[in-house]
2 protein chains.
Amino acid sequence: MRLRICTWNVNSVRLRVEQVARFVAEQQPDVLCMQEIKCQAPEFPREAFEAMGLPHLAIAGQKGWHGVATASRLPLEPGADWGACREGHARSVAVKVQGVEIQNFYIPAGGDIPDRTLNPKFDHKLDFLERLSAKAAAAGPKAPLVITGDFNVAPGEFDVWSHKQMLKIVSHTPIELAAIEKLRASAGFVDLVRETTPDPTKLFSWWSYRAADFRASNRGLRLDHIWATPALHAQAFAGRGAEARIHDDVRAWERPSDHAPVIADLAL
Amino acid sequence: MRLRICTWNVNSVRLRVEQVARFVAEQQPDVLCMQEIKCQAPEFPREAFEAMGLPHLAIAGQKGWHGVATASRLPLEPGADWGACREGHARSVAVKVQGVEIQNFYIPAGGDIPDRTLNPKFDHKLDFLERLSAKAAAAGPKAPLVITGDFNVAPGEFDVWSHKQMLKIVSHTPIELAAIEKLRASAGFVDLVRETTPDPTKLFSWWSYRAADFRASNRGLRLDHIWATPALHAQAFAGRGAEARIHDDVRAWERPSDHAPVIADLAL
DNA sequence: GGCGTTCACG
DNA sequence: CGTGAACGCC
């Protein structure tokens, strides 16, 4: 079977249900991992997701900020909580579906100053990444595991509109690049979108709301990722390469999220 | 010629331009008197009104609150400012069109407690009404004058969903009923909607947002009025009665104002 | 620039 | 309930 996994920072699920419903109708993901739902679990628009054909929900919500949820066409089992957030924010939710564990993360943005001694938010981001690395290493490359979400890091030179300029900006600083590479290497994860479309093609999944015309300036970043362990990758893409892409057309819809959805198709 | 005058508390003109454009396209008012535009004059969506065929504008705006504007198909001359608002709010704008003076008011709501000694907002409302009465008396019954707007008073027993219950509620208390009757009598104004549809037919132009289904509960008030002096009434409705009505269907549109527009057709 | 918050207002 | 305001966050 095909398992279509999607990650999307929706920037308020209540405000964006219609766009989510349209995207789900058009692309038919089997599992939709959302970040920044910005509501508590009881406020989550369950009925709308039932109507979309994604009735199985795992929600980690909190008031106003952050919040993640995974919605599925197929029944979900709970996954292990990796306890990555030292601040107690609702930034991760784990599920198991069709024998695959899917860890859905909203990694802290990290504020403006890329110095962990000066900026507690940046310290928190790095701490979060370090905790993920430890858990992923413990899981190992043979686990049938996907980690996905808004990682708030653009890992590669071709994941930012200007590598040179972005090296000074939180999301692409050398310390973050080292931390995200350490996370990737911890279980040998394969970045499915980048495997599908290798360097040097530039790929972005986020564009600031501040640009009048995001297409024209195209100052994007690739912050949203779907990573598979080597064992799962071998199983899901036996012989072929990964099939994953960013649906950047969605960023041009009416009242969009600042993030575009990302889809990967696993053959299980 | 027919002069179609409309009054409408739009509750934010910037948020409601589309509904205003639809209503103007459907009903073709010649003069549209708006209240609660909730913006400063430079923020007023002039282009949208030009596109609607109402390019002539008289705007009294302020930041965030209140604000009135009169938009016209025909050129406007400025009318005399009656200086009714002691607080300096943008609550009135006066124009002359086709020889008729149109005074557009957003009379203060007056807070919750109907006691001028305890509640400065209620005192302000009564002061505003008293100042209007003095100015209207000075203008006299022979002036070609319309006063219109959101008066925030339901003057008659059949202008409220429950006369008995509303007598204790600001907008229909005995002291307000006396003040609004004094204003009416000051120049012998004719209430064009009530003349068109006499007592005991209940007529409302406002329904609270708080009711889930405003039609079902129908706890409305008639707060929005178009009043003509006797001389203008005699000229505009010679022989016949007035032709004025409340477009309450608009209250059921998507994202509506809590007030419905009111139209009167004058034959000049 | 577009989300959430709390607040005042109607 | 649904507008504005000011503020925090990304």
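Just so you know, glycine gets a Cβ as well, placed from its N, Cα and C.
What TrEMBL says about a protein is an automatic prediction, not a curated fact.
Summarising the annotation, TrEMBL assigns active site to B:Y106. If you look up TrEMBL, you'll see B:D150 marked as active site, proton donor/acceptor. Annotated active site, proton acceptor per TrEMBL: B:H259, in sequence order. Among the features that TrEMBL reports, Mg(2+) binding site is placed at B:N9, B:E36, B:D150, B:N152, B:D258, B:H259. Taken from TrEMBL, the feature domain 'Endonuclease/exonuclease/phosphatase' covers B:6-259. Under the heading site 'Transition state stabilizer', TrEMBL lists B:N152. As annotated by TrEMBL, site 'Important for catalytic activity' applies to B:D224. The site 'Interaction with DNA substrate' annotation in TrEMBL covers B:H259.
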Using DSSP reduced to three states, classify B:Y106 (active site) as helix, strand or coil.
strand
Averaged over the whole of the domain 'Endonuclease/exonuclease/phosphatase' (B:6-259), what is the pLDDT?
97
For B:H259 (active site, proton acceptor), which of the three DSSP-derived states applies: helix, strand, or coil?
strand
Would you say which of the recorded positions B:D150, B:D258 has the most Cβ atoms within 10 Å of its own Cβ?
B:D150
Using the centroid of the Cβ atoms of B:N9, B:E36, B:D150, B:N152, B:D258, B:H259 as reference, list every other same-chain residue with Cβ within 8 Å of it (recorded Mg(2+) site), in sequence order.
B:N11, B:Q35, B:Y106, B:W206, B:L223, B:D224, B:S257
Which number gives the other C-beta atoms within 10 angstroms of the C-beta of B:N9 (Mg(2+) binding site), all protein chains shown included?
24
B:D150 (active site, proton donor/acceptor) versus recorded positions B:E36, B:D224, B:D258 - nearest by Cα:
B:D224
Return the count of C-beta atoms lying within 10 angstroms of the C-beta of B:Y106 (active site), excluding that atom itself.
27
How many Å lie between the Cα of B:E36 (Mg(2+) binding site) and the Cα of the residue listed as 'active site, proton acceptor'?
10
Only counting partners 6 or more residues apart, tell me which same-chain residues put their Cβ under 8 Å from the Cβ of B:N152 (Mg(2+) binding site).
B:Y106, B:I107, B:P108, B:A109, B:G110, B:K125, B:S171, B:L223
I'd like the Cβ neighbour count for B:E36 (Mg(2+) binding site), meaning other Cβ atoms within 10 Å of its Cβ, all protein chains included.
22
On the three-state reduction of DSSP, what should I expect for B:N152 (Mg(2+) binding site)?
coil
What Cα-Cα separation, expressed in whole Å, is found between B:D258 (Mg(2+) binding site) and B:D224 (site 'Important for catalytic activity')?
11
Alpha-carbon distance [B:N9 (Mg(2+) binding site); B:D224 (site 'Important for catalytic activity')] in Å:
8
Can you see whether DSSP assigns B:D224 (site 'Important for catalytic activity') to helix, strand or coil?
strand
